[in-house]
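Below you will find the structure I want to go over with you.
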Amino acid sequence: MGTEAPNSGKTVISKENKEQTAPPVKLDAGDLFVLKSRGSWLHCGYHLTTSIVAPALLSIPFAIGLLGWGGGIVCLSIAALVTFYSYNLLSLVLEDHARRGKRQLHFRAMASDILGPGWGKYFVGPLQLGICYGAVISCILIGGQSLKSIYLVARPNGSMQLSHFVVIFGGLKLIMAQMPSFHSLRHINLVSLLLCLAYCACTTAGSIYIGKSSNAPPKNYNVTEVGINRLFGTFNAISIIATTYGNGIIPEIQATMAAPIQGKMFKGLLVCYSVIITTFFSVGISGYWAFGNQVMATVLSNFTDQGKNLVPKWFLLITNVFVVVQVSAVSLTYLQPTNVVIERRFADPEKEEFSARNLIPRIIFRSLSIVIATTVAAMLPFFGDIMALLGALGFIPLDMIMPVVFYNVTFKPSKRSLIFWGNTIIAVVATVLSVVGSVASVRQIIIDAKNYRLFANV
């Protein structure tokens, strides 16, 4: 199987024969070992779905509650259209580079090649690494919270605390983090796709069951906030929805596909967005319909009321089990940019991938990255507020602004064309949303700060 040396313009048949088939190039161990180009468009669809359709979507009913029926559904629909469009633009730019013999395997390389080295080194690279590692921390926290939910359903008066479950989940991640490459996650991410469909079906069915039961809460669909609180609530909701659609690793996912890559990403996006439309809208509409403006930050929290389960115990258990298993796959997917950096810094591309020289540093530093993420998740159970800020600062620029800028700079459409002005409008509006969403997130952190406590059992 051939492996492309980054930015070489040539295909290296094997490490042993590279001097005979291509000019000498400095091999990048991160690209060589982690971003192996061996997958199909279907594998790409699995990776895309896992990176977007995650337990964060259980916050969509809450976001709709901040906007109301009309605003919520419109915002959810526009976000779907804009992100599908921007991800497709990004794939077209990547395909153009590959066609010209300069296939880019990660976001940083794209930004450096299109906008200049400074953009890749000082903006896009650190930004992507920050939000992806933040997503890993959030996934570990969500996994711990879901394990605690399972525990409390089985033992309502149990004494174990959230930090205990975060550490347990982190121990599972310590083992799974040793998966060698992004491509090796393809079967895990297929299972992840099926599991997200499963827990979204359970969440939708549970919401409808509660909404029609005698225990149904009174339904009030009025937006309760007024004045400045309503304004910030609106922008907070938009940030939640934008972050839920966030990806941030489109180039790395496309890098897993075997050449030629033309047209494959579009098929993968179709797979992904068929799942997105099915899950996002079913969970969002059913959750808000059942609980109205009383819907909580994650709709599964509404399935219990003052310690009383509103759905059968077995149903709540199996739903949380689906969430735990699926979020473990999500965390692995977002760990890949960190793995690329680790391999680039500590691995020797001239040695075999599983030689002692490369295997020992890989195990040590990947394990260290999980230990740090687990520690942060246990210490800061309010990390969701911080991740909302990272989402506004990171996902919106990477997923909505950069793709349209890259397209306009690469293909240079006429300034009189619809696509040029459409892309420009998207970039401007997304920039405004990023700034205002960041302010709203900081405000929410300040409001919640009085409740913050390290290792809190929430």
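Any Cβ shown, glycine's included, is placed from N, Cα and C.
Unlike curated records, TrEMBL annotations are generated automatically.
Feature list, courtesy of TrEMBL:
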- 1-11: compositional bias 'Polar residues' (COMPBIAS)
- 1-21: region 'Disordered' (REGION)
- 38-446: domain 'Amino acid transporter transmembrane' (DOMAIN)
- 45-64: transmembrane segment (TRANSMEM)
- 70-94: transmembrane segment (TRANSMEM)
- 127-147: transmembrane segment (TRANSMEM)
- 159-176: transmembrane segment (TRANSMEM)
- 188-211: transmembrane segment (TRANSMEM)
- 231-250: transmembrane segment (TRANSMEM)
- 270-291: transmembrane segment (TRANSMEM)
- 311-335: transmembrane segment (TRANSMEM)
- 363-380: transmembrane segment (TRANSMEM)
- 386-406: transmembrane segment (TRANSMEM)
- 418-440: transmembrane segment (TRANSMEM)
Go through the chain and flag residues at least 6 beyond the ends of the transmembrane segment (159-176) whose CB is under 8 A from any CB in it; none is fine as an answer.
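Same-chain residues near the transmembrane segment (159-176) but 6 or more away: 140-141, 143-145, 147-148, 151, 324, 328, 331-332, 367, 370-371, 373-374, 377-378, 381, 455-458.
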Please determine whether the transmembrane segment (363-380) and the transmembrane segment (127-147) are in contact (criterion: at least three Cβ-Cβ distances under 8 Å, sequence separation 6 or more).
yes
Grab the same-chain neighbours of the transmembrane segment (386-406) for me: Cβ-Cβ under 8 Å, and only residues 6 or more beyond its ends, written as numbers and ranges.
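For the transmembrane segment (386-406), the sequence-distant neighbours (Cβ-Cβ under 8 Å, at least 6 residues beyond its ends) are 82-83, 86-87, 89-90, 93, 107, 110-111, 114-115, 124, 127-128, 130-131, 134-135, 137-138, 236, 239-240, 242-243, 245-248, 250, 380, 423-424, 426-427, 430-431, 433-434, 437-438, 440-442, 444-445.
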Ranking 45-64, 127-147, 231-250 by the number of C-beta pairs under 8 Å to the transmembrane segment (270-291), which range is first?
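Answer, by Cβ pair count: 45-64.
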Most CB pairs under 8 Å with the transmembrane segment (70-94): which of 127-147, 231-250, 418-440?
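The listed stretch sharing the most Cβ pairs with the transmembrane segment (70-94) is 231-250.
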Where else in the chain does the transmembrane segment (418-440) make close Cβ contacts, counting only residues six or more beyond its ends and a cut-off under 8 Å?
82, 85-86, 89, 232, 235-236, 238-239, 242, 389, 391-393, 396-397, 400-401, 404-405, 407-408
Which listed range (45-64, 127-147, 231-250) shows the maximal number of Cβ pairs under 8 Å with respect to the transmembrane segment (188-211)?
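The stretch with the most close Cβ contacts to the transmembrane segment (188-211) is 45-64.
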Which bits of the chain, at least 6 residues beyond where the transmembrane segment (127-147) starts or stops, bring a Cβ under 8 A of a Cβ in it?
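Sequence-distant neighbours of the transmembrane segment (127-147): 54-56, 107-108, 162-163, 165-170, 172-173, 246, 248-249, 320, 323-324, 327-328, 330-331, 334-338, 341, 369-370, 373-374, 376-378, 380-381, 383-384, 386-387, 390-391, 393-395, 397-398.
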